[in-house]
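TrEMBL has this to say about the protein:
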COMPBIAS  320-334  compositional bias 'Polar residues'
DOMAIN    255-332  domain 'D-alanyl-D-alanine carboxypeptidase-like core'
REGION    30-54  region 'Disordered'
REGION    188-208  region 'Disordered'
REGION    311-334  region 'Disordered'
TRANSMEM  6-24  transmembrane segment
Amino acid sequence: MLYLNLQALVFIPFFIIFIFIVGCTQDQEQSPTENEQEEQSADDKQEDQSDSEEIDKTLEKQEAEQFIQSFREQLIQETDQNLRVKNFNHKEELINNLSKLADPELAKQYVDVFYKEENNHLYLIPKNGPVLLNKNIPYKLAKNEQGLYYVSQENENEMMGKYSLYILFNRTENRWMIKDIKLDVEEQHDDDDLSDQEKKKQEPTEEVVYSNQQIEQQGTMLLVNKTHTLPQDYVPEDLVIPDVLFSFEKQLPKKQMKKEAAQALEDMFHQAKAEDINLYAVSGYRSYKRQDQIFQYNVNQHGEEYANQFSAKPGESEHQTGLTMDITSRSVSD
């Protein structure tokens, strides 16, 4: 009996140890399942995060409107009665602030147009505000061939007539920014079609001096620039409309070119089409009067000094020769 009891005593601890080992083994076998659940949960979270990031990369119309409005509000700062800016003393400060919404180079261009520094202070230059999106008028929000979002809108006012607005967006560092803003003024009327009131509005607000070194030449070899200008009554002969695609449908004077130039343009468009490149003609012949309207508008918007850097004075534009045509491609016009 004593021998049996000793066996029982030996067996019982062994049985307890066996149960403990089996229990631990079961725990270890369950661990991978728990790890798999944790990994699956992490994967689900990562997928949700990826989906969220993908949604964030979609620019909606309301978001675009708010973004453009913020750009407008940050550009036109609050001033005192002397047009002195209250919140900034230097252009660089305002440029840095505006660069949160737009490309730094674009921000600098707009600040240079609307502000000046005097006596260590920043002043708003009195002029019409920037031409930006009017959300009350239909507009288009889409992607171009590079996958960048853009807003395009056709609008008009008394000063400019009809124009096309193009605002390009880019996404950097998980935030939207305005990459570029373009404005194309259409030639919808001649000076003779304007009312006296409209003509008065377009008169320059300050004296503009033009070069008197005017030229008048025939043929296709013409030199036209700021020191070699065309006379006011210069109109090229044999103006025709080239047989090419245009970015607009109306029959406007800017569709015209000299016959020889029109033929060359048709050849270029034909070759581009053969290489699967779609081109569109934008602006050709421009009269002296029409160029004057465009330049004076740019003076009123940007000041003469800045306008003279990108806009030709009447008589100085190659468009008056009938030998020039601005062109664009689908990636730009769309």
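Cβ coordinates are placed from backbone N, Cα and C, and glycine is handled just like the others.
Helix, strand and coil counts from DSSP across the domain 'D-alanyl-D-alanine carboxypeptidase-like core' (255-332) read 46 helix, 11 strand, 21 coil. In the predicted model, residues of the domain 'D-alanyl-D-alanine carboxypeptidase-like core' (255-332) average a pLDDT of 88.
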